[in-house]
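Below you'll find the structure, written out as structure tokens, and then a few comments.
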Amino acid sequence: MVNSHRKLIFHIYIGFYCSAITLPKICVCSQFSTPFINQFSKDPEAFPVTTNGEPFPWRDLRLPHMAIPLHYDLLVHPNLTSLDFAASEKIEILVREATQFIILHSKDLEIMNATLHSEEDLRYKKPGKELKVLSYPAHEQIALLVPEELIADVRYYVAINFQAKLADGFEGFYKSTYRTSGGETRTIAVTDFQPTEARMAFPCFDEPLFKANFTIKIRRESRHIALSNMPKVRTIELKEGLLEDHFEATVKMSTYLVAYIVCDFNSVSGTTLSGVKVSIYASPEKWSQTHYALDTSLKLLDFYENYFHISYPLPKLDLVAIPDFGPGAMENWGLITYRETSLLFDPKTSSASDKLWVTEVIAHELAHQWFGNLVTMEWWNDIWLNEGFATYMELISINATYPELQFDDYFLNVCFEAIAKDTLNSSRPISNPAETPTEVQEMFDVVSYNKGACILNMLKDFLTDEKFQEGITHYIRKFSYRNAKNDDLWGSLSNSCLEGDFISGGFCYSNSKMTSNTLSFLQKNVEINEMMNTWTLQKGIPLVVVKQEGRSLRLHQELFLKGVFREDPEWGTLQERYLWQIPLTYSTSSSNMIHRHVLKSKRDTLELPEKTSWLKFNVDSNGYYIVHYEGHGWDHLITQLNQNHTLLRPKDRVGLIHDAFQLVSAGRLTLDKALDLTRYLQHETSSPALLKGLGHLELLYHMMDGRNISDVTENLKHYILRYFKAMIDKQSWSDEGSIFDRLLRSALLKLACDLNHPPCTQKAAELFSRWMESSGKLNIPADVLKIVYSVGAQTTGGWNYLLEQYGLSMSGAEKNKILYALSTSKHQENLVKLIKLGMEGKVIKTQDFAPLLHAIARNPKGQHLAWNFVRENWTHLLKKFDLGSFAMRVIISGTTSHFSSKDELQEVKLFFQSLKAQGSHLDIFQIVLETITNNIKWLEKNLNTLKTWLLVNV
């Protein structure tokens, strides 16, 4: 699944089956054994109480393993007029231990009846035994009580009839609508089950370890089509004009990967080199926007099959653009679902950034067909094995298939986003306990996705590309159609021996120790498991402090924390528990050679072969650590950047800018030193480095503007416009150039217009007027479209016209740009209207409400408006979004985390305390409070320095 945290939509701060089956090897723990059942019969009061007042025979959130599913036969009939569905299922189960009950997950389903059949019942067509059904909604579980004890190592068949409403949100089996250009509203039905919502569509063993096969049948009207994970094998005509589609049985998979859709979409199709049919589906009027996705999917699927040396295991792959969708995309096996903006590409309105995003999301979801689907984590505490790998594989696959997108440079931002959270004390380990559905939802965050990807990239750089590729291929082959955990991955990466290693006389490392000649720089063998556990089982990011004394390098490591300074009393205590094994890389002024060293202890010393004027650690920013150069280290680097910045690698220049400003936030480097470092940018030609430097200056500007510190705001504005004027003025209002040329153009022109630079605002206003005069038919270059709309939105007539065009546009990419522009209005009545429309969910879809509120909160005229809305409408928001959902986390952090005063901190703290008193608690609460506290500390420590620096440099 792609979570939209990686790109908010505004680009600012989802019959019986009786053939032979290989039985899964599932460990039956003692806690699930017969004594537990006996305990229930002896002491039922120790167990939860069901909805009818009887004791429920199971008290844990996790299901018992006394019975496991082998096969589901599921029949679903959604009614898109009455907006409900009727369904039946038959589950083939294997009893592993004798039991008198079966526990399943079920949420918001009305169970009509349930019966149990033995194999003998089926053979002789005997009637099944009716089962008593008990419900315990607090754990989203039902218990099926059997009249006679089920016998171990015997198969049984459970038949259940049930019904429910199509859900209103974005989970389970829910309704989605879209509007045609003629104004007609059409309804479709779609599923989204990750992580714990399959139970909203059918009673099931809704945990990733319970893999099974699924045979699915769907009833529909003739005006619709039905899609599911597997190809359709036949369609049967029923009474009253209904059709019943039968799909092939799936491979063995977890419940969260099951998917089915009833819709009226059109498609475009192609075939991979290995014969897999790939189809892209969208609503009829958006069919023309599917072609880029098809070309990209075909190319990427071919790449993955070749890279993993493992064929995609299904005969088809459908990618479907859903009008209402929570995350960015979802990797359902064979039927991947996307937000429209994550799949569709409109050449007229989709920018370079949009193209990069669509390519990235497709690459991510296709990687999941191996990482996550073929091999699945045992439990959600290791969701990073799915999401971190899929994010990492974006880098590998896009670099190989679309080198012109320069994704290698873009990947730096993936790691910087992870560091932004991981430098907070409220961060968490990559592998982290999660039990409740809300806790599981919170695991889908930047730590699992981005940090997971970045430590894999660091490990790849350590092991070499070849050995890393061999290791992950070994991992996938070994655990195909099974579940894995952290240690299984490290074991595979430590034992990726292939036959060729021995035939060629090469080495093969084992017992998790590396002895490759490529790692001859290591004085001792490195245990992969031991090293990588320091990155997955403890939170945070290390700071490597480097001090050069002649030819000696004094190194030490510590936990890096924003807002916690060495003089603070808690600093020492926080450092005690943390130690990483860090694969260091560095280069020097004397040599282009990349030196390597694994820092395993708190302190270490290295000897340089020759004297050097400067050195740079973390070559190409492949490592997941921050570096501070004590003594004159930073001065030497700044001097080199000013004299000849090209002697440092382009990505190293990006890394220096990033680390410098991170160090300011921890009090390890003064702000004026970090700003001095950026002054070389007037000579910079690398777009990623320019974007990084501009980003920090823009962040400072918005912080001052939001606090209404007018003198500093004006001086910053004058400095930026004077310093980057030549660069801004030479930008064309076009879509020309490389991907990073185009990203830089968009960033520079947006910043210039935000700062009211007359040449920029005048050009944008002129284009907007011409666009209005053409009734929206003038083609404005997509890379500057958001800028033009934002300037146009500052007039009453322009704002109203944009809102009208928003309702008419058939391009999701354009609608996002319009909505962002509307959120920049300086008139609060306009912002209030946007919030109202977002809550109504008709003109502005509910899926877009969270990022809309985030955008409004970043507008100085809307920051307190958005915050007050959240406080006053919390109950209404909970009706629209689950507490732990990504949307709710965006709403909470997006409307508060920019605050930087003690009064605002107190307001937020009191609000969170009131929510906790009502039983609502999220990890994001502590993250927000820490962020606001750090903002306050940053201003106290750096505001005067910024004022002084600007007076000297403006």
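Cβ atoms here come from the backbone N, Cα and C positions, even for glycine.
As written in TrEMBL, here are the features:
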DOMAIN    69-257  domain 'Aminopeptidase N-like N-terminal'
DOMAIN    292-496  domain 'Peptidase M1 membrane alanine aminopeptidase'
BINDING   His364, His368, Glu387  Zn(2+) binding site
ACT_SITE  Glu365  active site, proton acceptor
SITE      Tyr449  site 'Transition state stabilizer'
DOMAIN    614-933  domain 'ERAP1-like C-terminal'
Give me the CA-CA distance between Tyr449 (site 'Transition state stabilizer') and His368 (Zn(2+) binding site), in Å, as a whole number.
12
Least surrounded among the binding-site residues, given as His364, His368, when other CB atoms within 10 Å are counted
His368
Chain-mates of His364, His368, Glu387 with C-beta within 8 Å of site centroid, Zn(2+):
Met1, Val2, Glu331, Glu365, Ala367, Phe371, Gly372, Asn386, Phe389, Ala390, Thr391, Met393, Tyr449
Across the domain 'Aminopeptidase N-like N-terminal' (69-257), the model's average pLDDT, rounded to a whole number, is 97
Cβ neighbours of Glu365 (active site, proton acceptor) where a neighbour is any other Cβ within 10 Å
29
Sequence gap of 6 or more, C-beta under 8 Å: which same-chain residues meet both conditions with respect to Glu387 (Zn(2+) binding site)?
Met1, Gly372, Phe444, Ser448, Tyr449, Gly452
I'd like the Cβ neighbour count for Tyr449 (site 'Transition state stabilizer'), meaning other Cβ atoms within 10 Å of its Cβ, all protein chains included.
28
